[in-house]
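According to Swiss-Prot, the feature transmembrane segment maps to 14-34, 59-79, 95-115, 125-145, 154-174, 175-195, 200-220, 221-241, 261-281, 292-312, 328-348, 359-379, an assignment based on sequence analysis.
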Amino acid sequence: MLTPIQNFLKQEAAGGILLFIFATLAIILANTPLSYLYFDFLQTPVSVQIGAFIINKPLLMWVNDGLMAVFFMLVGMEVKRELLEGSLSSYQRAVFPAIAATGGMVVPAIVFLVFNATHPEFQEGWAIPMATDIAFALGVIALLGKRVPLALKIFLLALAIIDDLGAIVVIALFFSHDLSPQAFIFAGIAVAILITMNRLKITALSAYGIVGIILWASVLKSGVHATLAGVIIGFCIPLNGKKGERPLDDFEHTLSPWSAFAILPLFAFCNAGVSLIGMGMDNLTSTLPMGIALGLLLGKPLGIFSFCFVAVKLGIAKLSEGINFKQIFAVSVLCGIGFTMSMFLAGLAFGGESDSENVTALARLGILIGSGFSAVLGY
(Lines of atoms letter the chains of each structure in order from A and count residues from 1; the text may use other names and numbers.)
(Lines give C-alpha, C1' and ligand atoms only; values in the text may rest on other atoms or scores of the structure.)
Protein backbone atom coordinates (compact mmCIF):
# COMPACT_ATOMS: atom_id res chain seq x y z
CA MET A 1 0.00 0.00 0.00
CA LEU A 2 2.97 2.34 0.24
CA THR A 3 3.31 2.80 -3.51
CA PRO A 4 0.13 4.90 -4.07
CA ILE A 5 0.88 6.84 -0.88
CA GLN A 6 4.43 7.55 -2.03
CA ASN A 7 3.13 8.67 -5.43
CA PHE A 8 0.58 10.94 -3.76
CA LEU A 9 3.19 12.45 -1.45
CA LYS A 10 5.59 13.08 -4.34
CA GLN A 11 2.93 14.80 -6.45
CA GLU A 12 1.63 16.92 -3.57
CA ALA A 13 5.17 18.04 -2.75
CA ALA A 14 5.84 19.16 -6.33
CA GLY A 15 2.46 20.91 -6.38
CA GLY A 16 3.34 22.71 -3.16
CA ILE A 17 6.41 24.27 -4.77
CA LEU A 18 4.26 25.41 -7.71
CA LEU A 19 1.75 26.86 -5.23
CA PHE A 20 4.49 28.98 -3.73
CA ILE A 21 5.51 30.32 -7.16
CA PHE A 22 1.96 31.29 -8.16
CA ALA A 23 1.19 32.81 -4.75
CA THR A 24 4.34 34.92 -4.96
CA LEU A 25 3.40 36.03 -8.48
CA ALA A 26 -0.06 37.09 -7.26
CA ILE A 27 1.39 39.15 -4.40
CA ILE A 28 3.81 40.88 -6.78
CA LEU A 29 1.06 41.69 -9.31
CA ALA A 30 -1.26 42.99 -6.59
CA ASN A 31 1.37 45.51 -5.52
CA THR A 32 2.44 46.93 -8.88
CA PRO A 33 0.93 49.61 -11.14
CA LEU A 34 -0.64 46.70 -13.06
CA SER A 35 -2.66 45.59 -10.04
CA TYR A 36 -5.90 46.82 -11.62
CA LEU A 37 -5.45 44.23 -14.39
CA TYR A 38 -5.07 41.48 -11.80
CA PHE A 39 -8.16 42.48 -9.80
CA ASP A 40 -10.23 43.12 -12.96
CA PHE A 41 -9.25 39.64 -14.16
CA LEU A 42 -10.60 38.12 -10.94
CA GLN A 43 -13.93 39.92 -11.37
CA THR A 44 -14.42 38.91 -15.02
CA PRO A 45 -18.08 37.79 -15.25
CA VAL A 46 -18.66 34.22 -16.44
CA SER A 47 -22.18 32.92 -17.09
CA VAL A 48 -23.57 29.48 -17.88
CA GLN A 49 -27.22 29.17 -18.88
CA ILE A 50 -29.32 26.12 -19.75
CA GLY A 51 -32.92 27.13 -20.33
CA ALA A 52 -34.18 28.96 -17.24
CA PHE A 53 -31.24 27.72 -15.17
CA ILE A 54 -28.39 30.23 -14.96
CA ILE A 55 -25.20 30.59 -12.97
CA ASN A 56 -23.62 34.04 -13.21
CA LYS A 57 -20.49 34.54 -11.13
CA PRO A 58 -17.14 36.35 -11.37
CA LEU A 59 -14.13 34.25 -12.36
CA LEU A 60 -12.87 34.22 -8.76
CA MET A 61 -16.03 32.47 -7.59
CA TRP A 62 -15.85 29.91 -10.42
CA VAL A 63 -12.38 29.03 -9.17
CA ASN A 64 -13.37 28.94 -5.49
CA ASP A 65 -16.77 27.25 -5.89
CA GLY A 66 -16.20 25.23 -9.06
CA LEU A 67 -12.61 24.14 -9.55
CA MET A 68 -12.10 23.68 -5.81
CA ALA A 69 -14.94 21.14 -5.88
CA VAL A 70 -12.60 18.92 -7.91
CA PHE A 71 -9.95 19.33 -5.21
CA PHE A 72 -12.48 18.37 -2.53
CA MET A 73 -13.52 15.40 -4.65
CA LEU A 74 -9.92 14.20 -4.46
CA VAL A 75 -9.96 14.83 -0.70
CA GLY A 76 -13.08 12.65 -0.47
CA MET A 77 -11.43 9.85 -2.45
CA GLU A 78 -8.24 10.02 -0.38
CA VAL A 79 -10.20 9.98 2.89
CA LYS A 80 -12.25 6.99 1.72
CA ARG A 81 -9.19 4.97 0.71
CA GLU A 82 -7.33 5.75 3.93
CA LEU A 83 -10.40 4.83 6.01
CA LEU A 84 -10.89 1.51 4.21
CA GLU A 85 -7.36 0.24 3.82
CA GLY A 86 -4.81 2.93 4.61
CA SER A 87 -3.38 4.90 7.50
CA LEU A 88 -6.84 5.42 9.09
CA SER A 89 -8.20 1.88 8.58
CA SER A 90 -7.93 0.77 12.22
CA TYR A 91 -8.18 2.35 15.66
CA GLN A 92 -4.49 1.78 16.32
CA ARG A 93 -3.53 3.52 13.09
CA ALA A 94 -6.03 6.36 13.27
CA VAL A 95 -5.95 7.38 16.93
CA PHE A 96 -2.56 9.15 16.96
CA PRO A 97 -3.09 11.40 13.88
CA ALA A 98 -6.71 11.94 14.98
CA ILE A 99 -5.58 13.23 18.37
CA ALA A 100 -2.92 15.37 16.68
CA ALA A 101 -5.46 16.84 14.24
CA THR A 102 -7.92 17.57 17.05
CA GLY A 103 -5.29 19.56 18.93
CA GLY A 104 -4.31 21.26 15.68
CA MET A 105 -7.87 22.45 15.14
CA VAL A 106 -9.02 23.31 18.65
CA VAL A 107 -6.04 25.30 19.97
CA PRO A 108 -5.59 27.61 16.91
CA ALA A 109 -9.31 28.46 17.03
CA ILE A 110 -8.98 29.29 20.75
CA VAL A 111 -5.91 31.47 20.10
CA PHE A 112 -7.82 33.36 17.41
CA LEU A 113 -10.89 33.89 19.60
CA VAL A 114 -8.77 35.09 22.53
CA PHE A 115 -7.18 37.74 20.29
CA ASN A 116 -10.57 38.79 18.93
CA ALA A 117 -12.64 38.50 22.11
CA THR A 118 -13.48 42.21 21.98
CA HIS A 119 -13.98 42.31 18.19
CA PRO A 120 -17.21 40.45 17.35
CA GLU A 121 -16.97 41.63 13.73
CA PHE A 122 -13.90 39.40 13.29
CA GLN A 123 -15.05 36.34 15.24
CA GLU A 124 -16.55 34.73 12.13
CA GLY A 125 -12.97 33.93 11.17
CA TRP A 126 -12.39 31.49 14.05
CA ALA A 127 -12.02 28.52 11.66
CA ILE A 128 -9.33 30.12 9.45
CA PRO A 129 -6.24 29.04 11.47
CA MET A 130 -7.60 25.49 11.89
CA ALA A 131 -6.53 24.50 8.39
CA THR A 132 -3.38 22.81 7.10
CA ASP A 133 -2.19 23.02 3.49
CA ILE A 134 -0.87 19.51 2.84
CA ALA A 135 0.63 20.43 -0.55
CA PHE A 136 2.63 23.34 0.86
CA ALA A 137 3.74 21.36 3.92
CA LEU A 138 4.89 18.41 1.81
CA GLY A 139 6.62 20.84 -0.54
CA VAL A 140 8.76 22.07 2.36
CA ILE A 141 9.43 18.48 3.48
CA ALA A 142 10.46 17.59 -0.08
CA LEU A 143 13.30 20.12 0.19
CA LEU A 144 14.70 18.02 3.05
CA GLY A 145 14.92 14.95 0.81
CA LYS A 146 15.54 11.53 2.36
CA ARG A 147 16.32 13.02 5.76
CA VAL A 148 12.59 12.78 6.51
CA PRO A 149 11.43 9.17 7.15
CA LEU A 150 8.43 7.88 5.19
CA ALA A 151 6.58 7.13 8.45
CA LEU A 152 6.70 10.83 9.34
CA LYS A 153 5.35 11.82 5.92
CA ILE A 154 2.49 9.32 6.30
CA PHE A 155 1.74 10.75 9.76
CA LEU A 156 1.57 14.25 8.24
CA LEU A 157 -0.69 12.97 5.44
CA ALA A 158 -3.06 11.23 7.88
CA LEU A 159 -3.14 14.32 10.12
CA ALA A 160 -3.90 16.57 7.14
CA ILE A 161 -6.66 14.24 5.91
CA ILE A 162 -8.40 14.36 9.30
CA ASP A 163 -7.81 18.12 9.32
CA ASP A 164 -9.57 18.32 5.94
CA LEU A 165 -12.47 16.29 7.34
CA GLY A 166 -12.73 18.83 10.15
CA ALA A 167 -12.77 21.67 7.62
CA ILE A 168 -15.51 19.90 5.65
CA VAL A 169 -17.66 19.58 8.79
CA VAL A 170 -17.06 23.26 9.63
CA ILE A 171 -18.05 24.34 6.12
CA ALA A 172 -21.23 22.23 6.22
CA LEU A 173 -22.31 23.36 9.69
CA PHE A 174 -21.27 27.01 9.84
CA PHE A 175 -21.10 28.33 6.27
CA SER A 176 -24.48 27.30 4.89
CA HIS A 177 -27.10 30.02 4.32
CA ASP A 178 -30.42 30.79 2.59
CA LEU A 179 -31.22 27.09 2.20
CA SER A 180 -33.41 26.11 -0.78
CA PRO A 181 -35.64 23.02 -0.29
CA GLN A 182 -36.16 22.62 -4.06
CA ALA A 183 -32.42 22.55 -4.73
CA PHE A 184 -31.99 20.04 -1.88
CA ILE A 185 -34.46 17.71 -3.59
CA PHE A 186 -32.45 17.75 -6.82
CA ALA A 187 -29.24 17.28 -4.83
CA GLY A 188 -30.79 14.33 -2.98
CA ILE A 189 -31.79 12.68 -6.26
CA ALA A 190 -28.25 13.13 -7.60
CA VAL A 191 -26.76 11.61 -4.42
CA ALA A 192 -29.15 8.65 -4.68
CA ILE A 193 -28.01 8.05 -8.27
CA LEU A 194 -24.35 8.24 -7.22
CA ILE A 195 -24.91 5.73 -4.40
CA THR A 196 -26.70 3.40 -6.82
CA MET A 197 -23.80 3.69 -9.27
CA ASN A 198 -21.42 2.85 -6.43
CA ARG A 199 -23.44 -0.23 -5.45
CA LEU A 200 -23.50 -1.37 -9.08
CA LYS A 201 -19.73 -0.76 -9.19
CA ILE A 202 -19.98 1.44 -12.26
CA THR A 203 -16.43 2.53 -13.09
CA ALA A 204 -16.89 5.10 -15.89
CA LEU A 205 -15.47 8.46 -14.82
CA SER A 206 -17.71 10.23 -17.35
CA ALA A 207 -20.84 8.86 -15.65
CA TYR A 208 -19.77 10.18 -12.26
CA GLY A 209 -18.77 13.45 -13.92
CA ILE A 210 -22.22 14.02 -15.46
CA VAL A 211 -24.14 13.23 -12.28
CA GLY A 212 -21.51 15.12 -10.28
CA ILE A 213 -22.07 18.31 -12.28
CA ILE A 214 -25.81 18.07 -11.60
CA LEU A 215 -25.09 17.54 -7.90
CA TRP A 216 -22.65 20.47 -7.83
CA ALA A 217 -25.15 22.85 -9.47
CA SER A 218 -27.90 21.71 -7.09
CA VAL A 219 -25.73 22.15 -4.01
CA LEU A 220 -24.59 25.56 -5.29
CA LYS A 221 -28.22 26.68 -5.49
CA SER A 222 -29.16 24.99 -2.19
CA GLY A 223 -27.26 27.40 0.06
CA VAL A 224 -24.73 24.77 1.19
CA HIS A 225 -21.22 25.43 -0.09
CA ALA A 226 -20.79 23.80 -3.50
CA THR A 227 -17.41 22.23 -2.73
CA LEU A 228 -19.19 19.74 -0.45
CA ALA A 229 -20.59 18.18 -3.63
CA GLY A 230 -17.03 17.22 -4.52
CA VAL A 231 -16.60 15.40 -1.20
CA ILE A 232 -19.81 13.42 -1.76
CA ILE A 233 -18.75 12.43 -5.28
CA GLY A 234 -15.35 11.33 -3.97
CA PHE A 235 -16.95 9.10 -1.34
CA CYS A 236 -19.20 7.52 -3.98
CA ILE A 237 -16.38 6.39 -6.28
CA PRO A 238 -16.02 2.60 -5.75
CA LEU A 239 -12.72 1.39 -4.34
CA ASN A 240 -12.91 -1.88 -6.28
CA GLY A 241 -14.65 -2.78 -9.55
CA LYS A 242 -16.39 -5.98 -10.63
CA LYS A 243 -13.34 -7.33 -12.45
CA GLY A 244 -10.71 -6.51 -9.85
CA GLU A 245 -9.95 -3.04 -11.21
CA ARG A 246 -9.32 -0.09 -8.87
CA PRO A 247 -11.56 2.77 -10.10
CA LEU A 248 -10.85 5.04 -7.14
CA ASP A 249 -7.10 4.77 -7.66
CA ASP A 250 -7.55 5.22 -11.41
CA PHE A 251 -9.71 8.34 -10.99
CA GLU A 252 -7.29 9.78 -8.47
CA HIS A 253 -4.37 9.07 -10.79
CA THR A 254 -6.22 10.91 -13.59
CA LEU A 255 -7.36 13.94 -11.59
CA SER A 256 -4.48 14.45 -9.14
CA PRO A 257 -2.11 16.08 -11.67
CA TRP A 258 -4.86 18.53 -12.67
CA SER A 259 -5.46 19.39 -9.03
CA ALA A 260 -1.80 19.68 -8.01
CA PHE A 261 -0.49 21.46 -11.10
CA ALA A 262 -3.48 23.49 -12.32
CA ILE A 263 -6.38 23.91 -9.88
CA LEU A 264 -4.47 24.64 -6.67
CA PRO A 265 -1.89 26.94 -8.31
CA LEU A 266 -4.74 28.83 -10.01
CA PHE A 267 -6.55 29.05 -6.67
CA ALA A 268 -3.37 30.39 -5.07
CA PHE A 269 -2.93 32.93 -7.86
CA CYS A 270 -6.53 34.15 -7.52
CA ASN A 271 -6.59 34.33 -3.71
CA ALA A 272 -3.09 35.26 -2.55
CA GLY A 273 -2.97 38.68 -4.19
CA VAL A 274 -3.06 40.91 -1.13
CA SER A 275 -2.44 44.59 -1.84
CA LEU A 276 -0.09 46.02 0.78
CA ILE A 277 -0.40 49.53 -0.67
CA GLY A 278 -1.65 51.88 2.03
CA MET A 279 -1.26 49.32 4.81
CA GLY A 280 0.60 50.42 7.93
CA MET A 281 1.57 48.96 11.27
CA ASP A 282 -1.98 49.44 12.52
CA ASN A 283 -3.13 46.96 9.87
CA LEU A 284 -0.34 44.49 10.60
CA THR A 285 -1.05 44.59 14.34
CA SER A 286 -4.83 44.42 13.95
CA THR A 287 -6.36 41.60 16.00
CA LEU A 288 -7.65 39.84 12.85
CA PRO A 289 -4.32 39.17 11.08
CA MET A 290 -2.52 38.74 14.41
CA GLY A 291 -5.08 36.21 15.63
CA ILE A 292 -4.79 34.23 12.41
CA ALA A 293 -0.99 34.44 12.20
CA LEU A 294 -0.45 33.41 15.82
CA GLY A 295 -3.17 30.76 15.56
CA LEU A 296 -1.17 29.17 12.75
CA LEU A 297 2.33 29.88 14.07
CA LEU A 298 1.77 29.13 17.77
CA GLY A 299 -1.64 27.47 18.07
CA LYS A 300 -0.95 24.71 15.55
CA PRO A 301 2.32 23.39 17.02
CA LEU A 302 1.10 23.91 20.60
CA GLY A 303 -2.12 22.02 19.92
CA ILE A 304 -0.65 19.16 17.89
CA PHE A 305 2.44 18.58 20.04
CA SER A 306 0.73 18.91 23.43
CA PHE A 307 -2.17 16.62 22.47
CA CYS A 308 0.28 14.03 21.08
CA PHE A 309 2.55 14.24 24.13
CA VAL A 310 -0.30 13.82 26.61
CA ALA A 311 -1.87 10.98 24.59
CA VAL A 312 1.40 9.02 24.55
CA LYS A 313 2.11 9.64 28.24
CA LEU A 314 -1.41 8.48 29.17
CA GLY A 315 -1.07 5.38 27.00
CA ILE A 316 -3.95 6.37 24.70
CA ALA A 317 -1.68 6.27 21.64
CA LYS A 318 1.91 5.42 20.82
CA LEU A 319 4.53 6.83 18.49
CA SER A 320 5.07 4.99 15.21
CA GLU A 321 8.36 3.19 14.82
CA GLY A 322 11.09 5.53 13.61
CA ILE A 323 9.34 8.70 14.83
CA ASN A 324 10.32 10.75 17.89
CA PHE A 325 8.85 13.79 19.62
CA LYS A 326 11.40 16.12 18.06
CA GLN A 327 10.13 15.13 14.61
CA ILE A 328 6.52 15.46 15.78
CA PHE A 329 7.22 19.02 16.89
CA ALA A 330 8.83 19.87 13.53
CA VAL A 331 5.80 18.50 11.68
CA SER A 332 3.45 20.38 14.02
CA VAL A 333 5.19 23.64 13.05
CA LEU A 334 4.82 22.80 9.34
CA CYS A 335 1.10 22.23 9.92
CA GLY A 336 0.90 25.96 10.60
CA ILE A 337 1.11 26.42 6.82
CA GLY A 338 -2.62 26.96 6.40
CA PHE A 339 -2.41 28.74 3.05
CA THR A 340 -4.86 27.14 0.56
CA MET A 341 -7.48 25.90 3.02
CA SER A 342 -7.13 28.98 5.25
CA MET A 343 -7.59 31.27 2.23
CA PHE A 344 -10.66 29.24 1.29
CA LEU A 345 -12.15 29.51 4.79
CA ALA A 346 -11.36 33.25 4.91
CA GLY A 347 -13.41 33.76 1.75
CA LEU A 348 -16.33 31.88 3.31
CA ALA A 349 -16.07 33.67 6.65
CA PHE A 350 -15.92 37.24 5.37
CA GLY A 351 -17.32 37.06 1.85
CA GLY A 352 -20.67 38.44 2.97
CA GLU A 353 -19.41 41.36 5.05
CA SER A 354 -20.19 44.90 3.88
CA ASP A 355 -16.51 45.76 4.24
CA SER A 356 -15.55 42.34 2.91
CA GLU A 357 -12.67 43.41 0.66
CA ASN A 358 -10.73 45.10 3.47
CA VAL A 359 -11.56 42.41 6.03
CA THR A 360 -10.66 39.58 3.66
CA ALA A 361 -7.40 41.34 2.75
CA LEU A 362 -6.48 41.57 6.44
CA ALA A 363 -7.34 37.89 6.91
CA ARG A 364 -5.19 36.90 3.94
CA LEU A 365 -2.35 39.02 5.29
CA GLY A 366 -2.51 37.07 8.55
CA ILE A 367 -2.54 33.78 6.63
CA LEU A 368 0.52 34.77 4.60
CA ILE A 369 2.43 35.87 7.71
CA GLY A 370 1.54 32.79 9.76
CA SER A 371 2.08 30.34 6.90
CA GLY A 372 5.34 31.98 5.85
CA PHE A 373 6.90 31.88 9.30
CA SER A 374 5.65 28.31 9.83
CA ALA A 375 7.33 27.21 6.60
CA VAL A 376 10.65 28.85 7.51
CA LEU A 377 10.70 27.61 11.12
CA GLY A 378 9.47 24.13 10.16
CA TYR A 379 12.24 23.79 7.60
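Along the chain as shown, the residues are counted starting at 1.
Even glycines carry a Cβ here, placed using N, Cα and C.
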Okay, the transmembrane segment (328-348) and the transmembrane segment (292-312): do they have at least three CB pairs under 8 Å, pairs separated by 6 or more? yes
Using Cβ distances below 8 Å and needing 3 or more such pairs, separated by at least 6 in sequence, tell me whether the transmembrane segment (221-241) contacts the transmembrane segment (154-174). yes
Under 8 Å, at least three CB pairs between the transmembrane segment (261-281) and the transmembrane segment (14-34) (pairs 6 or more apart)? yes
Any chance the transmembrane segment (154-174) and the transmembrane segment (59-79) are in contact, meaning at least three CB pairs closer than 8 A with a sequence separation of 6+? yes
With a Cβ cut-off under 8 Å, give me the same-chain residues at least six positions beyond the ends of the transmembrane segment (200-220) that come close to it. 53, 55, 65-66, 69, 73, 183-184, 186-187, 190-191, 193-194, 226, 228-230, 232-233, 236-238, 240-242, 245, 247, 250-251, 254
Are there residues at least six beyond either end of the transmembrane segment (95-115) with Cβ under 8 Å to its Cβ atoms? List them, or say none. 87-88, 123, 125-130, 132, 155, 158-163, 166, 287, 290-292, 294-296, 298-300, 302-308, 311, 316-320, 328, 332, 335
By a Cβ-Cβ criterion of under 8 Å, what residues six or more beyond either terminus of the transmembrane segment (14-34) are in contact with it? 133, 135-140, 142, 259-261, 264-266, 268-277, 339-340, 368
Checking distant contacts: for the transmembrane segment (359-379), what same-chain residues at least six beyond its ends satisfy Cβ-Cβ under 8 A? 27, 121-122, 125, 128-129, 133, 136-137, 140, 143-144, 271-272, 274-276, 279, 283-284, 286, 288-297, 300, 330-331, 333-339, 342-343, 346-347, 349-351, 353
